[in-house]
């Protein structure tokens, strides 16, 4: 169809040329010529042909028809119109749209007279092709020639700096904007705060934003996105509240960014509020907003709600398929993840590297070694995807969780990448579960080199020694930790009640309701013990008496958070707990009994995965 359309265009042009028909140029082109080329001293030779050439160049730019565009360029030269500034600007734009930057530059360099449009168009071409260096060179050349510039020129150069994270050049341009009184130009200011945000300078970005006399939805969106990109999720949520008070219209980019922020901190309440705004504004049909919502609900453990958003999405792309598959994997739904993986291909979408990370992760959580190996081979043979470090990390996790720690170690040592701390950390954790001291020592040695300040690796090795009653090695490991500068991350759990987050640590004393929490927890433990619950003292590996071990386990942070949720939440509401470390075996057992005795659904998101406890069982199938 496109070829037929181009054929008609050229037939019209040559027909008009033969018949020497008169024509009037497009009104928009005439206006542009009057406004931008008023200072041109060149005069057209044949006003009857030139409008057709202009229209044809514009059509070639619209259709990205490079070969036809070159043909028209040759006709322009043939009829002697190559010196016309308006015509040449159109050619530069056409070559830029077709991705032929070298042709655009050659046309630009041969111009006898350039306008601001000429410079801006060529700079835009380099920006689209991510050649920020050449944009800066052009801007310097422009200044040396004394060419007039505009706010769009400066904002374009700033965009180039943002693409290459050029902090020094950006600050120079900021000073230049101040010097020429362009700092209040909305596009310049927006470009400035965007480049500062992308370079991680959010304080500078906020200062630019705060000093702006005029803001638009793009400005607000850039700030929200900047906070999210710099992992300042709580600040992003607070800034979004300010945006709502300003009554600026929401756009899909702002909504997608703030949903991502809510997902990162599992802020379900705020996420639900944003979802309501999405429904009101009609952006639910936007596939990227829908993908963010799927990710939000999956990260909050609301897998049914995530699938509902996915199912109702009018348009689906690879991103939303990947979000849903990842959500199933994260929430211990491996069969659903694998089924959706097949449906994705039936729908005509090819799996990506991200897709395979999700399905391999699903296999890892359920210990499906054979299935994991099939997927690992399939991505290379069927979809021509080279496994990256994340795929190897998943395979190491799959092997380690199944107790094949020797094979996991060999895979790390023979893979074409340098091992990451998470890989050796996975092996060390698997050695803790399966009691392999020899491989644990190898993994710990690598981790001490890769993460010298991570005290958790020392503690985990110490725990492995303690499980084998090797108290001498425990003492030496803890002495090594004490002598080093490494610091152990303290375990904590938090729960959101209405609009407030409550955080607990083991032996918590500062929470205003802590006395009531301890009293209620003791009552709950008495009832659970009647049903057969016994604290698993082997999960406290201190060299102390058995009774003391039970005492240390009694007040773990997730138990305190659960008890507080039981006290404050409605009887039909699930209790959602977040934890910064892996849930221990005793607390896992506690949550199973608690879900049975209270009849509540308990959702715990630890550092590795989600655990859904209902009626005395967990979604992980005792494998985590």
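Every residue, even glycine, has its Cβ placed from backbone N, Cα and C.
Look at TrEMBL and you will find 532-624 tagged as domain 'DYW'.
Annotated repeat 'PPR' per TrEMBL: 84-118 (among others), in sequence order.
Note on the repeat 'PPR' (216-250): residues 186, 189-190, 193-194, 196-198, 200, 202, 205-206, 209, 257-258, 260-262, 264-265, 267, 270, 274, 277, 281, 283 of its chain, located 6 or more positions outside it, place their CB under 8 angstroms from a CB of the stretch. As annotated by TrEMBL, repeat 'PPR' applies to 216-250 (among others).
Taken from TrEMBL, the feature repeat 'PPR' covers 317-351 (among others). Within the model, the repeat 'PPR' (317-351) carries an average pLDDT of 93.
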- [ ] State the residues, same chain only, that lie 6 or more residues beyond the ends of the repeat 'PPR' (317-351) and have a CB under 8 A from a CB inside it; answer 'none' if no residue qualifies.
- [x] 287-288, 290-292, 294-295, 297-299, 301, 303, 306-307, 310, 357-359, 361-363, 365-366, 368, 371, 379, 383, 385, 609-612, 619-621
